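Below is one structure, written out as structure tokens, with a few remarks after it.
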Amino acid sequence: MSQLLHVSSSPHIRDGLNTQTIMFMVLTALMPASVMGVYLFGIPALTVIIISVATSVLTELIFERLMHKPVTVSDGSAMVTGLLLALCLPSSVPWWVVVIGDVFAILIVKQLFGGIGQNFMNPALAARCFLLISFPSRMTDFTISKWTAGKIVDSVSSSTPVSSSTPISSATPLATIKPGGTYQLLDMFLGNTNGTIGETSVLLLMLGGIFLLIFKIIDYVIPLTYLGTFAILYLLSSGFDLGLTVAELCGGGLMLGAFFMATDYTTRPITKKGQMIYGILLGLMTWIFRKFGAAPEGVSYAIIFTNLLVPVIERLTMPGGFGLQKERSRRN
């Protein structure tokens, strides 16, 4: 009987897509941004990606073997977690930090709560927040990108050539625009900037998001309400400075978070109404963290915090069962 029936976690939706197909579609959508990250930051970025994906898969495999649970690494979810975490990391991060982050994501956040479909927050973002708290200097040491390196050769020294492998640290554009620094919108849109491995090219992240929208892997509600709420709030708070607002939209991990993390099936609300509230709260929290927080970025903390509110959102927006409203009316 156990070979014929398999009970999976909710929500139970009848669809031609299975978990494996969905995960590999997400991996496909992340490929352009991943390739761009390797191009900009070189072999160190590729090393981080390989270590992260491999550690996630091995951690899940070893845990499930030890606990005598069905092995689920073939569904691709561990690969997605590993790749998402890698794209949230600077290319200069030590390998052991990557390993710690992946073990935390898979073992603590995902498997100890029951595996896929049971985790209450996004594993990759939870791991990133854990690493930011545990190793702040390692997580904010951004190696200068290949394109940016070519722009500052003269400003460093005529006898000191700067290449893509030169370990020079630099701030992200998001950090420079907050105190009134300069920023180039086209560079930020195309990816000609510094940052984590996967957050630099807004264009490629948007293309990946559109790919998921076209194939109905994700819905437009969460990204639209998230980005729209944040844009409106920042436009109002910046004195209608459109350039600064667009820079904030292009900077940091906002696009990566809006299309690939906030839309996580397990940690998002199910109903359209719930997703709208969820997206609005995400935009509000990101704006608060960026506008008033000590750090320039706030996407990770905003998504994690709002993940914790999903049960409340679900309770407020899920339609009641047949006859439930009448029963409540009688009691009143």
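The backbone N, Cα and C atoms fix where each Cβ goes, and this holds for glycine too.
Small disclaimer: the values here were computed from a predicted structure and weren't measured.
Marked as FMN phosphoryl threonine by TrEMBL: Thr172.
The transmembrane segment feature in TrEMBL is assigned to 21-39 (among others).
The transmembrane segment annotation in TrEMBL covers 45-63 (among others).
According to TrEMBL, the transmembrane segment annotation covers 202-222 (among others). Note on the transmembrane segment (202-222): residues 17, 22, 25-26, 28-33, 36, 188-191, 249-250, 255-256, 258-260, 262-263, 268, 272, 275-276, 278-279, 282 of its chain, located 6 or more positions outside it, place their CB under 8 angstroms from a CB of the stretch.
Sequence annotations record features per position, and here TrEMBL assigns transmembrane segment to 242-263 (among others).
Below 8 angstroms of C-beta separation, residues 174, 178, 219, 221-234, 237, 248, 252, 254, 258, 262, 268-269, 299, 301-303, 305-306, 309-310, 313, 316-317 of the same chain, each at least six residues beyond the ends of the transmembrane segment (275-293), sit close to that stretch. The feature transmembrane segment is assigned by TrEMBL to 275-293 (among others).
Annotated transmembrane segment per TrEMBL: 299-324 (among others), in sequence order. Counting only same-chain residues 6+ beyond the ends of the transmembrane segment (299-324), those with a CB under 8 A from a CB of the stretch are 88, 120-122, 125-126, 128-129, 132, 252-254, 256-257, 261-262, 267-271, 273-274, 277-278, 281-282, 285-286, 288-289, 293.
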